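As recorded in TrEMBL, the features of this protein are as follows:
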type	residues	note
TRANSMEM	25-48	transmembrane segment
DOMAIN	39-207	domain 'G-protein coupled receptors family 1 profile'
TRANSMEM	60-80	transmembrane segment
TRANSMEM	100-120	transmembrane segment
TRANSMEM	140-165	transmembrane segment
TRANSMEM	185-207	transmembrane segment
TRANSMEM	237-261	transmembrane segment
TRANSMEM	281-302	transmembrane segment
Amino acid sequence: MSSSNTTNDIASAVSNVTQKTIMFTRYWCMTMFILGLIGHSLNVCIFTRPALRLNPCARYFMASAIAGYGVIFGVLPVRLLQFGYSRSLFLSSVTMCKMLTFLFSWARILPCWFIGLASIDRFLCSSPSITLRGWSSIRVFKYLITLAILFTGLTQMPILIFFTISSQPAICLGQPNLFQKLNGFFILVVWSLIPSLTMFIFGFLTIRHIQQSIPRVHDENIIIHHQKRTKFIDRQLIQMTLMQSILFGLTSAAGAIGGTFNVLDDNSRKDALELAKQSLIGNVLSFVGLFGPCLSFYSCTLSSQLFRHELMILLHVRKQHEEGDVADALTMQERIN
């Protein structure tokens, strides 16, 4: 009798943990989708404003926002079906298992790398060296974005070779087990370590350049209005770069750890309840990794006075257009009457 009660208690606890995983996935994915879609759309509108359109750093931020659409429209819906409604597209065929894993892993890495490139651009732009400042340009932006896309895609190519559908239980996973562990560490390096170190190192070097330039600017006292405006934009972009560096560094590390949490741990000696709890922790960490690519507008863009100003101008212009359309419609109606 006691053994039966214990079994029932364990089954009830497993069911409870599983239900929490399902509800967390549903609410998190739906919230990230709505907020992310609005945020990325506003980001694109802001970074295409005349004041920022030709700024290389703004181009990197816009590229990050566009890459974020891949997470919003690709990763979130499929993961919602998989963990929230037990409808996994990964299990439809081995080809789908390989391709979806490859594309989603690629998509979630790109925003971090683009922010890393933005950090490098701010370092170059703030440098006292004319030669280094010359590397902060739209032409260099096009080359680096292309190289980043190709390089990160190549780093994910082993997924197309080693991933398959295991039978017990049915899951899309890398084979053999050694590849799973190596791939877990590799994801941690490519998704989190390299971009985060790039952001932090070049972010601090940029701050150092700015601090060194203050006395020189004060002594020369020859800054015209256009130069002041340019430096203001640069400072705001640097502020945003540092904010996104911290955000992407922490969340991508959590996501990378969550993605390898179940792989690196030995599940052979664990009961069903421990496995359910482990799965919940791994899923939570994995979804936290999508926070940066989805919500960078709210945590980073709105932290900048420049971008808030551009957003207000954008909304004001939009309101004027709507009022003008209403006035034109009323005028036309009066003429008809």
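Start at 1 and count along the chain as shown; that gives each residue its number.
Heads up, the Cβ atoms here are built off N, Cα and C, so glycines get one too.
From a predicted model like this one, the values you see are computed outputs, not experimental measurements.
Averaged over the domain 'G-protein coupled receptors family 1 profile' (39-207), the predicted model has a pLDDT of 87. By number of Cβ pairs under 8 Å, the transmembrane segment (25-48) is matched best by 60-80 from the list 60-80, 100-120, 185-207. Using a Cβ-Cβ cut-off under 8 Å and counting only residues 6 or more beyond its ends in the same chain, the transmembrane segment (60-80) has close neighbours at 25-26, 29-30, 32-33, 36-37, 40, 43-44, 47-48, 89-90, 100, 103-104, 107-108, 110-111, 114-115, 117-118, 121, 141, 145, 237, 240, 244, 287, 290, 293-294, 296-297, 301.
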